[in-house]
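Before any comments, here is the structure.
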Amino acid sequence: MALQVELIPTGEIIRVVHPHRPCKLALGSDGVRVTMESALTARDRVGVQDFVLLENFTSEAAFIENLRRRFRENLIYTYIGPVLVSVNPYRDLQIYSRQHMERYRGVSFYEVPPHLFAVADTVYRALRTERRDQAVMISGESGAGKTEATKRLLQFYAETCPAPERGGAVRDRLLQSNPVLEAFGNAKTLRNDNSSRFGKYMDVQFDFKGAPVGGHILSYLLEKSRVVHQNHGERNFHIFYQLLEGGEEETLRRLGLERNPQSYLYLVKGQCAKVSSINDKSDWKVVRKALTVIDFTEDEVEDLLSIVASVLHLGNTHFAADEESNAQVTTENQLKYLTRLLGVEGSTLREALTHRKIIAKGEELLSPLNLEQAAYARDALAKAVYSRTFTWLVAKINRSLASKDAESPSWRSTTVLGLLDIYGFEVFQHNSFEQFCINYCNEKLQQLFIELTLKSEQEEYEAEGIAWEPVQYFNNKIICDLVEEKFKGIISILDEECLRPGEATDLTFLEKLEDTIKQHPHFLTHKLADQRTRKSLDRGEFRLLHYAGEVTYNVTGFLDKNNDLLFRNLKETMCSSENPILGQCFDRSELSDKKRPETVATQFKMSLLELVEILKSKEPAYVRCIKPNDSKQPGRFDEVLIRHQVKYLGLMENLRVRRAGFAYRRKYEAFLQRYKSLCPETWPTWTGRPQDGVTVLVRHLGYKPEEYKMGRTKIFIRFPKTLFATEDALEIRRQSLATKIQATWRGFHCRQKFLRVKRSAICIQSWWRGTLGRRKAAKRKWAAQTIRRLIQGFILRHAPRCPENAFFVDHVRTSFLLNLRRQLPRNILDTSWPTPPPALREASELLRELCRKNMVWKYCRSISPEWKQQLQQKAVASEIFKGKKDNYPQSVPRLFISTRLGADEINPRVLQALGSEPIQYAVPVVKYDRKGYKPRSRQLLLTPNAVVIVEDAKVKQRIEYTNLTGISVSSLSDSLFVLHVQREDNKQKGDVVLQSDHVIETLTKTALSADRVNNININQGSITFAGGPGRDGIIDFTPGSELLITKAKNGHLAVVAPRLNSR
């Protein structure tokens, strides 16, 4: 049988049991899984599963080509050592099912193809076995699949981890926190329909049994400017559209909202309210359910939605200038809704939106705002309300996720697994303050990534006793220092500009940068650039040379966004809010605190430093996400875009670090188990230490000293070509081993089959001979007994039934009945019947009569009503004429028909004269006069009540059946007959003499219609009839050679008729 294999999206090579059936088996040493090395034979088609095995590992083109090959085969995961590289397929590959989770659960990292679940399981097992906190760092560009990867990790832990003792409440809250955070923190951008507009770090706490018992979420730098402004083709945060699309009518009415997003200023700027890939209505149902799961009360949900609605109403609040150019609120309806939703006084809110409170020398002064300032204050309030509500929402979720057993002694044994879903490096056509912060974050994480990767490599080498070799790589510390260094860094200069008195602007900030860090090799402005570079730099821009490439930032809005200014009277108004959530978001302590709050950049820098410390305290795992194209199309591989991401993710740096020492490393046990067949000394079993076996094996394979090193528990192979050569040799060895195994197996199988057949044949032959002997003896015994009984019965066959003749009598009876069954009569006319034995004569007669009745019954059931009527008439004709009328035998084979005249042959006047009386039978006849016997053509009609004689269109005579006394006919073959009527009937002139060509049929139907079957007289010689009052007529019948009807000299009607049948 030919071996058929197939590559599936997980990267596994599976054996197809039958090409036309869906049953498949994975190949591997354990019969279930394949190892990474098993896929090396297919490397020319699908690439290598670990970039470390690339021969030309320094070539970016080779790196991207390997990515392309795997992407083309729907293999979206590839390793760089322990780092997982994921390419977004933009479609569902069906590789995240429960079955896939079980495949990767509890399996060594390299025993299965690359997958997110392999990373998840490795991290989880390290968390449990080493009792050390872990962290999974997920990074990549917007739209690369970071949020989806985070959700898949949480799904894996929710499905595979043991349930806590108190049920799955924590597990459900961890999963349901995602839809809520996505609704309030994600939005549609040009690059991603579900882009996270904030950074997220989630800690999941596990007890000593490995069950999730709690969690905590940290959020970073929400893009709150999106609340008031979106670029073309982008949307605001999802929650606004979900509320409008999915909210109940009563809810929207209470919030003063309508369903059309085009009605709200904050939702129309991107001109992209509807997105085909987003179902806001169904997402709203998911969010509402999730809020319940994470312990939101109905009052809290109502307060939260009031805040969301208030942001929309703020966007629709408009101003107009009065005579002094001061702003005045013109949308009173919006103000009314805002007053109710925010829980503040209307007059206070109106004043706060149109005035600014200034404290000078201990005195409070109100300064009116112009239109531009009022719009700024309104937008600042909207951003502050939304961003602080988001912060409160994260804190609320954290309270829901907090473990309820934090005070118990077992709490000390908990471990933490961190999930970092942070925004990727961003380079847009116009880059502002948000991109500066995001890219600074990526610089810090890249610095941490290189440090931790080098550290883990060095620790492994030291643990294995391998000499550490220094690695050349780009250290981006110089860029991090450029941004964050005290006094000289960009953030310090930005803060200084924000805090200094006087007219500080974005351009003065840029000038300060040029004066302070103009000599830095990674910093450039229009003023500092050469003549050629100035063409690509405006005067209000500066350029940073990041590790991922150059990014040009526009300083417009830097100071404003860094200050994040909210006027004091707006804070005071919000602090007085009766909305419980806003009451927690705007604390009155802010009003009494005279200290200027930290700037946004400083807050972000401090939180980022804290995050770095958190990640350093944990054992890291990395998932690097790549977006294959900007159009979000499955199957499209944009090489330019991917090369850019490979660069800014530092994947080539990571690969160089990993390959600086050795490309491949494996435990001695695993290496020996896989390749032991290549050496006669280690095949088929090695009984010594695995390390000694590997030493013998590599010596036999001819490894050069510079190609490998032997550690304490692992073998290290420096070059991929060495591993490829070993793998190719293994493939050849497997072919020869397979041939040998097949030959041995075939011989063994055939011999075993022969021995089984031989044993079976002997057993069957022995059993069958015994069976035949027993059957033959039993048959002889039975035959002798039967013959003896038959002879005894034959001798006593005439005696009464007794035990001696009972068998013979029963046999005779049975034989007769069986023979009778084969010789039963086929029809009622068949009178044959087998001769019965004396003992069955009476039973035979009963059966014969029963059989005849049964045939008659079957025949009667089979005839139609018309045929039944025909037979009945024939039976009446037979009863009347059989043996009495000479021409009767000739009428027997002729069928009686219902009428001899069609409807068109009877004059309509006759039909009119009869009225509703139906005609049962009609026949043409010849009527003979009573005196001269002149023949006249007439029609005889039978109705239910009378015989009617018709001449053309006139009814000549009507004889009621009650007046019909009889019918006379001769015994010869003539066709004359006489209808006798009562002599007392004055309406009748006498009897009627008629001739019909169908005399038997006519007389039978007349007799049946008139009920005169017994009144038909068949006469010989002559018939006397009443010719009129007091006068009789005579018809004389004589046999002759031919039919002749004449008037005789004696005044009689003479009829000569031939004889048709001898009597």
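The backbone N, Cα and C atoms fix where each Cβ goes, glycine too.
Database features (Swiss-Prot):
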- 47-731: domain 'Myosin motor' (DOMAIN)
- Asn88, Tyr96, 139-148, 192-196: ATP binding site (BINDING)
- Lys383: N6-methyllysine (MOD_RES)
- Ser408: phosphoserine (MOD_RES)
- Lys486: N6-acetyllysine (MOD_RES)
- Ser536: phosphoserine (MOD_RES)
- 608-630: region 'Actin-binding' (REGION)
- 734-757: domain 'IQ 1' (DOMAIN)
- 758-786: domain 'IQ 2' (DOMAIN)
- Ser864: phosphoserine (MOD_RES)
- 885-1059: domain 'TH1' (DOMAIN)
- Ser1041: phosphoserine (MOD_RES)
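With the fewest other Cβ atoms inside 10 Å of its Cβ, the least crowded of the recorded positions Lys146, Lys383, Lys486 in this structure is Lys486. Here the CA atom of Gly140 (ATP binding site) lies 29 Å from the CA atom of Lys486 (N6-acetyllysine).
When Cβ-Cβ distances below 8 Å are used as the criterion, the region 'Actin-binding' (608-630) is approached by residues 67, 71, 82-90, 116, 119, 122-123, 126, 130, 132-146, 149, 191, 201, 218, 220, 416, 418, 420, 424, 440-441, 444-445, 448-449, 452, 456, 636-638, 641-642, 645-646, 649, 651 of the same chain, each at least six residues removed from its ends.
Of all the recorded positions listed here (Gly140, Gly143, Ser195, Ser536), Ser195 has the Cα closest to the Cα of the residue listed as 'N6-methyllysine'. Distance from the CA of Ser1041 (phosphoserine) to the CA of Ser864 (phosphoserine) is 42 Å.
Listed in sequence order, Asn88, Thr189, Arg191, Asn192, Ser195, Lys627, Asp630, Lys632 are the same-chain residues six or more apart from Gly143 (ATP binding site) with CB atoms under 8 A from its CB. Rounded to a whole value, the Cα-Cα separation of Ser1041 (phosphoserine) and Gly140 (ATP binding site) is 129 Å. It is Ser1041, among the recorded positions Ser195, Ser536, Ser1041, whose Cβ has the fewest other Cβ atoms within 10 Å in the structure shown. Counted with DSSP, the domain 'IQ 2' (758-786) comes out as 29 helix, 0 strand, 0 coil.
In this structure, of the recorded positions Asn88, Asn192, Ser864, the smallest number of CB atoms within 10 A of the CB marks Ser864. In this structure the alpha carbons, written CA, of Lys146 (ATP binding site) and Ser536 (phosphoserine) are 33 Å apart. Mean model confidence for the domain 'IQ 1' (734-757) is a pLDDT of 90.
Shown for the region 'Actin-binding' (608-630): DSSP residue counts in helix, strand and coil, namely 9 helix, 8 strand, 6 coil. If you take the C-beta of Gly140 (ATP binding site) and look for same-chain residues 6 or more apart in sequence within under 8 angstroms, you find Ser86, Lys146, Gly424, Arg624, Cys625, Ile626, Lys627, Gln645, Leu649.
Taking H, G and I as helix, E and B as strand and the rest as coil, DSSP gives the domain 'IQ 1' (734-757) the counts 24 helix, 0 strand, 0 coil.
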